[in-house]
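Undergrad: So TrEMBL lists the following for this protein:
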type	residues	note
TRANSMEM	20-41	transmembrane segment
TRANSMEM	53-72	transmembrane segment
TRANSMEM	78-96	transmembrane segment
TRANSMEM	103-120	transmembrane segment
TRANSMEM	140-157	transmembrane segment
TRANSMEM	185-213	transmembrane segment
TRANSMEM	225-247	transmembrane segment
TRANSMEM	290-308	transmembrane segment
TRANSMEM	329-358	transmembrane segment
TRANSMEM	386-410	transmembrane segment
REGION	429-471	region 'Disordered'
COMPBIAS	429-438	compositional bias 'Polar residues'
COMPBIAS	439-449	compositional bias 'Basic and acidic residues'
Amino acid sequence: MVEKLKSSLISVSKGVITPFIVIFVFSLTIGLFLSLTLLIVSIEEGTGNLSDSAMSMTWAVFMFAQGIGLTFDNCVLTITPLGLTILLIASLSSLIRKVEGGSTAYVTGTVFWVAVNVILSQNTHITLVDSVPVIIFKTALIYLISLFIAVFPRSLVYKTFKKRYKQVCPEFAQKNILIIKRLSVILFAIYSAVALVTVIVWCCTNIGSVNSFFIKLGMQNGSRILTSIACLVWLPNIAIWALSWICGAGFSIGKVAHFTLASSMHKSLPPVPVFGIFPESVSDSLYRNAILSVIPIICFAVILLVILHKRGCGLRLKNIEDKEELKAFAIGLAQAAAVSICIASLITIIFTIVFALANGSLGEYRLSFVGVDIVESTRAVGHLTLYAVCAAWLIAVLGILLSWAIRYLFSMLLNKNSAQNKTFNVEAETTSENLTEDNTNKTDTELIQRKSPLSLKKAAPRTVSSKTKRE
């Protein structure tokens, strides 16, 4: 009984310590940064001591990182800083994985996390958009996602499912599912990298616009640096908007601005420094088409490599006359097509969710919606991916058939040349035999001719003597 009670207390303490450490570290980091920022702003602007409100803002930002919107007077801010959210989930998952506990610890941790967040939400002077039940739901969802990432891959349920999956699912299906999973992750990472590079290019080419916003706001160097660092928490959001932009869909800042590759409209844009990096339209059709082709070209190259590589689909055809090999090639074609379509579908589903998470609002009226059109952006990314996948599959098939045709033609030419060589050799042998026979006959004739005069000379006197005797 004592041992059981002791074990329960240890599990409960493990469940409490994990969220407590994360909340403490995050609050301390955010609080120190906000205090420094507000202190520098108050010094440079000559206002009162703004750092007194740092603690209240810290709790608000902590709520904001979990998708709970904030209200500043008439400004409603609901664009979740995905950078903070990802960092929060990663920290929770890592700590839960290290502090191993049972189901009691996980339940206790979830309850403690939600309870602390509800308490913090009631101790901030900044008005929160969501009600308490919504706050409970969102904070619990964040903790459960972290718990799932940390615990599920090592859980008994997952191991049992994996074992059953290997027993029931055929080997070729397991291989194809593994290819789909890995390639989807690779393509998602590549798309994200392209989006981040696009944001960096925006920052380098539009630094003048950002500087003009700083001047308009009257911000000094210290405020500019800290504000720029603070804007990094929205870097994933802006990268997602950039992906929509390079795929041709674009994004909008409420009703005051709209940015696409073909057109750019912005009037009365709020002087938010991060808005200064947003690009103008690309007037040159050549450059515009080059930007649009970045995603499909990369996707095409990756899919083509997977279709042809032996560790991927391994599509090959050496002898089309072999029925077994031809049948295997047809099955491989179907498998490669299924894998390609599944990858395109999975990428489309993933980015539908991602686009939905990146949106929000900056106000109630003209700025009530900031972000991408989910349907249009999903269609743009999905279509480009699907076109690239289909092109890669088609090029792979044509390339394999063309290589077989070239090999077949070469083999025909080689066979024809070998046949001609054989015929020539036979004719040469026949000719040499005839020449040999002719030479032999000629030699015999010469020998006969050489012998015949001697016989004539010997026979001549006999003939004369006989005639004289008869006379």
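Positions of Cβ are set from backbone N, Cα and C atoms, glycine also.
Show me how these features fit into the shown structure, please.
TA: Residues 47, 49-51, 53-55, 57-59, 61-62, 65, 88, 91-92, 95, 112-113, 116, 222-223, 226-227, 229-230 of the same chain, all 6+ positions outside the transmembrane segment (20-41), place their C-beta atoms under 8 angstroms from a C-beta of that stretch.
Below 8 angstroms of C-beta separation, residues 23, 26-27, 30-31, 34-35, 38, 78, 80-81, 84-85, 88, 117, 120-121, 123-130, 134-135, 138-139, 142, 233, 360-361 of the same chain, each at least six residues beyond the ends of the transmembrane segment (53-72), sit close to that stretch.
Tertiary proximity for the transmembrane segment (103-120) is limited to same-chain residues at least six positions away from its ends with a CB under 8 Å from its CB atoms, namely 8, 11-12, 14-16, 18-20, 23, 59, 62-63, 66, 96, 132, 135-136, 139-140, 142-144, 147, 151.
Long-range contacts of the transmembrane segment (140-157) within the same chain: residues 19, 66-67, 85, 88-89, 92-94, 96-97, 106, 109-110, 113-114, each at least 6 residues beyond the stretch ends and with a Cβ under 8 Å from a Cβ of the stretch.
Counting only same-chain residues 6+ beyond the ends of the transmembrane segment (329-358), those with a CB under 8 A from a CB of the stretch are 79-80, 82, 172, 176, 179-180, 183-184, 187-188, 191, 236-237, 240-241, 243-244, 303, 306-307, 313-317, 371-372, 374, 377-378, 381-382, 385-386, 389-390, 392-393, 396-397, 400.
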Undergrad: Under 8 angstroms, Cβ to Cβ: which one of 185-213, 225-247, 386-410 has the largest number of such pairs with the transmembrane segment (78-96)?
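TA: Between the candidates 185-213, 225-247, 386-410, the best contact partner of the transmembrane segment (78-96) is 225-247.
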Undergrad: Against which stretches of its own chain does the transmembrane segment (185-213) lie, if we need a Cβ under 8 Å and a gap of at least six residues from its ends?
TA: 235, 238-240, 242-243, 245-246, 271-279, 294-295, 298-299, 302, 343, 347, 350-351, 381, 385
